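Taken from Swiss-Prot as is:
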BINDING   Gly112, Ala113, His114, Gly115, Lys116, Thr117, Ser118  ATP binding site
Amino acid sequence: MITSETVYHFVGIKGSGMSALALVLNDLGYQVQGSDIDQYTFTQRDLEKADIKILPFSADNLHEGLTVIAGNAFQDDQIEIKTALEMGLPVVRYHQFLGELLKNYTSIGVAGAHGKTSTSGLLAHVLSGVAKTSFLVGDGTGKGIKDAQFFAFEADEYRRHFLAYSPDYLIMTNIDFDHPDYYTGIEDVFDAFQSEAYKVQKGIFAWGDDPELRKLKSNAPIYYYGTKSNDDFQARNIQRTVEGSEFDAYYHDENIGHYHVPLYGEHNVLNSLAVIAVSYLEKIDGREVVRELADFKGVKRRFTEKKVADVTIIDDYAHHPSEIKATLDAARQKYPDRQIVAVFQPHTFTRTIALMDDFAASLNLADEVFLTDIFSSAREKSGKVSSADLGAKITKGGRVLKLDNMSPLLDFEQPVVVFMGAGDVQKYEYAYEELLSNLSPKDN
């Protein structure tokens, strides 16, 4: 039960989902604080703007009157969680708490191996523009409105955590093999999504080209979206330009509108179509959906752009072969005449080993590829693979960059440099930006 008679203490408050949930509760008027590592993270700014107290990890943070919300990155032996359990304080996991909170709203989740954050951010933006909407997005963005009609949220499949949710609607962007430290293969991933499908109340929106999603069964209706004639919701007459993407949306043979989105890549056409489908079934005015889609600015760490000197730098969270392919496709659409240089930080040893050939194939879609050392997770500090092993399979380069020497990236003229990864790849990006800013102008 969620109550105002306690202070909610978030262990790992800087995590993307945790920070978003903390912001939601704070907006709803509950007392919120949290703890985490000292290192600055991109989620921290919004917490600070909301005056939410962030403490360093310490058992001294725990006292009577707290309810502990434990981040899923931490086990029960983490010092604060362990202390809270010993003190008899209520301890609830992030996904369990969110599952309880969602019961108060018409909840619309977004699940999938890839595209969750981009789609949930787009969904939250559109719904917020037309109705009172609370939302929780995986880029650390969260908003709570007490009398909201909708709650848009990201539903993470890792360790089957999304089984804590019984949403009214669920968008399923795809099923793919990821998280090899937990899932044994694609069949195991499908089993998780199938279990969640039975928990959906009103309707599922699933990408029609995904063979795994086509096998789903549910007590709720399943609406497929895509570009094929057998999809319930279809995007037709797609035009992808340097200004973004536009298309006509159809529900069966009914034209429900012409839409423009300032987004790039085929995946963003599909993400937009899924949001249109939800809006259509909830009888939201189509003209308002057109307006909101055209005004979307994107989410954090998803194709985030900046210009330094004559270089365009793109920062993206892509850390799976399918995501890399989508990000590079988007870069090609927006910059068809520029050289695309990829800088990829492999994320975890298990994922790098399990998907190495697929990583190489996706990265080869760039004009030139650089790698950083593998980013290890808290669950695995070492492994029997290196970035050089991946680099050996890449035909478009594959050199390993070191943080203290980013100069190999200077060999390109007016490039689009795409930094990708789910770890701390941004430190390489910042080092490159500093190098560029320190360069003297060329002599005439």
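Here the Cβ of each residue, glycine as well, is placed from N, Cα and C on the backbone.
Neighbours of the ATP site: apart from Gly112, Ala113, His114, Gly115, Lys116, Thr117, Ser118, residues of the same chain with C-beta atoms within 8 angstroms of the site's C-beta centroid are Val110, Thr119, Thr173, Asn174, Glu323. Residue environment of Gly115 (ATP binding site) contains 25 other Cβ atoms, counted within 10 Å of its Cβ in all protein chains. Counting only same-chain residues six or more apart in sequence, the Cβ atoms lying under 8 angstroms from the Cβ of Ser118 (ATP binding site) belong to His267, Asn268, Asn271, Gly298, Val299, Arg302.
All protein chains included, Ala113 (ATP binding site) registers 23 other Cβ atoms within 10 Å of its own Cβ. When each of the binding-site residues His114, Lys116 is scored by how many other Cβ atoms sit within 10 Å of its Cβ, His114 comes out lowest. Applying an 8 A CB threshold to same-chain residues 6+ apart, the list for Thr117 (ATP binding site) reads Val137, Gly138, Asp139, Glu154, Val299, Arg302, Tyr317.
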